[in-house]
Each structure stands twice: as structure tokens, then as C-alpha cells.
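Q: Handing you a structure now.
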Amino acid sequence: MLKLFDSHCHLQDHRISNVVPKLITTALDNGIVYFSVNGTSEKDWHVVKEMSDSYPCILPSFGIHPLRVAERTPNWFSTLKDFFEANPCAAVGEIGLDKGTRGKKVDFADQIEIFQQQLQLAKELERPASVHCVRAFGDLLPLMKSLGPFPAGVILHSYLGSAEMVPEFAKLGAYFSFSGYLMSLKQSKAKKMLKSVPSERILLETDAPDGLPKCDNLDSLFYIEKDSSRPEDHNAEVQKAASVNGNSSNNTCCDAKSSSAVGNETLNHPANIKTVLAYVASLLDVNQKELADLTYDNASRLFSYEGSKLILKGQD
């Protein structure tokens, strides 16, 4: 079986909290060995910590998402540092910049200030940071140049930036993580961008429960139906792949289903990293086993900082 590493997801998301055990079991059965679970605000850091304590496969990250900057408390930064001190296995994330539809509603100067503080903290802690960037790569690159380089790594999660910017980001220590959102790009653009990424810098992710792949073979997808009684989560604001038409039902964890069962309220299952793997491998003209091994090794190296679960496991 292929070994896969989900480099960025949100299994703590309240929309899937009632099915997390089954989600993880299904994903593990499909070869996903580790999940980097990213907190997005002070409200969910404790949930991420509890999940990490309960599941050896979960690697925790704590951060304030750019869309949640306005929700921060006056003591947010000291609280964040306390979480890292108490959890040496944790990375930094999700942090970043957003000029998308929702991002325009959040003061950009505040976004920059909060992002800079967290990115600088990641550098000081010598831990990787998972970075969200929507329509703000022109702002992100000079900011990273001013604070970098980042020997511990910066994950540009669900990367949809240009091929031309890849070398500059890579020089600073960036890794490029690809999810189902890649399928929303024109294939020629996606292929050009992928081929510009150094092989030792490529990662795969799902961004689950968001980022459902735009897949022609819907029967191959794993999915979770959204509970319509729960509000939309901020993590959903990214350049999304086109939704498929259909009917939605209650929030039930499912395996592969027919296309008629997949609705526009469907949430992404972490096992769908296999679909991302297949798509990226096809664009890079490599076999899936080769890409799975490469991205697993890249992620393992990135997340093997002092105190991480991967280091501790290696010492057992």
C-alpha cells in the first residue's frame, strides 16, 4: 500500500467533529500515515491539542488564520506562545494573508501584523509554518524576504501561485503543497507550475474538510455530507474547485459513493489525497508510487524538527 502524508488539513473542524474517528480510520486504511492538523483561532487550539494527544497520527499546528484576525483576544500572542511551550511537537499554522472575497472584509494591515508576528515566532522556534495565501502573493513574497530565509521551512498550502514565483519562494525555504484546489486551474497552467517546483519541495494535502477535488470519476471519491444546521467555517474561503450538482443530506461519514449522491454541500474526506496524488502524478508524468514516496519523504523531513512526534517516534 502507498504511504501518504496529508501536509495540511483541519480535522478539528466543527462540521465533522461527530465523525472524526471514522474519518481517521478510513484514511489510515487507505495509506495516510500522518495528518498535519492546523488550528485557525484561539477557539480551536485546545481541540487540535486534544486530537493530537488522542491520535499518534495527528501532528498539531497552532495559529491565527487571516480570516480570523478580528476575533483575536488582547492576549492572543502570549496564549499562542504558551501553547507552543506546552506542546513542543506543534508546528505553526494556519497563518497567512487573504485578499479574497472574505479577506477584503478583514483589515489588511491587521492581517500583515498578525502574520509577521507568527512567522517570526515560527523562525525563532525553528518550526515549519503553514501559510494560507489568497490573491496576495505579491504581498507575501516581499514580506517573507524581509524576515527570511526560513531553514525550518514554510509550507505554501494549497499553492495556486504562479510558476514564475516558485524559485524566489524556494530560495527562502518554501515548500509547495497541492490539494484538490489545483484541479480548478487550467491544466496547462497547473502543469507548468508543478514542473517549476523542485522535487524536494513538493507536498500533498487535502485541506479537509474543504478542498473537495474536482474529479470526473465521482465514484472514486470519499466524502462527508455537510450538516446544514451548522454554519460555514472560515476555512472554506479559498479558490475552490467547481461544485458538482446533486442533493445533500445530513452529516454522515461515507466511503466512495455514486455521483448522484455527491452534492454541493459535500465536504472533503482526507482519504481523497489519493485523488490529488493521481492528478499531480499525471501532470508531472511520474507514477503514483514514485510521487507518494517523494512527498512522504519530503513531509517527514519537514516535520522532523526537535520535539516533533516523528523525532520522538524514531527514538522509541
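Just so you know, the numbers here start at 1 and follow the chain as drawn.
In case you wondered, yes, glycine gets a Cβ from its N, Cα and C as well.
Whatever TrEMBL says is automated annotation, not expert-curated.
Feature annotation from TrEMBL assigns divalent metal cation 1 binding site to H8, H10, E94, D207. The annotation divalent metal cation 2 binding site is assigned in TrEMBL to H132, H157.
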Q: Just to be sure I understand the packing, how many Cβ atoms besides its own are within 10 Å of the Cβ of H132 (divalent metal cation 2 binding site)?
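A: By my count, 30.
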Q: Just to be sure I understand: of H10, E94, D207, which binding-site residues have a C-alpha no more than 10 angstroms from the C-alpha of H132 (divalent metal cation 2 binding site)?
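A: Candidates kept after distance check: E94.
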Q: Could you tally the C-beta atoms, other than its own, that fall within 10 angstroms of the C-beta of H8 (divalent metal cation 1 binding site)?
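A: Summing over all protein chains shown, H8 (divalent metal cation 1 binding site) has 29 other Cβ atoms within 10 Å.
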Q: Provide, as an integer number of angstrom, the distance between the C-alpha atoms of H157 (divalent metal cation 2 binding site) and D207 (divalent metal cation 1 binding site).
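A: The Cα atom of H157 (divalent metal cation 2 binding site) is 8 Å away from the Cα atom of D207 (divalent metal cation 1 binding site).
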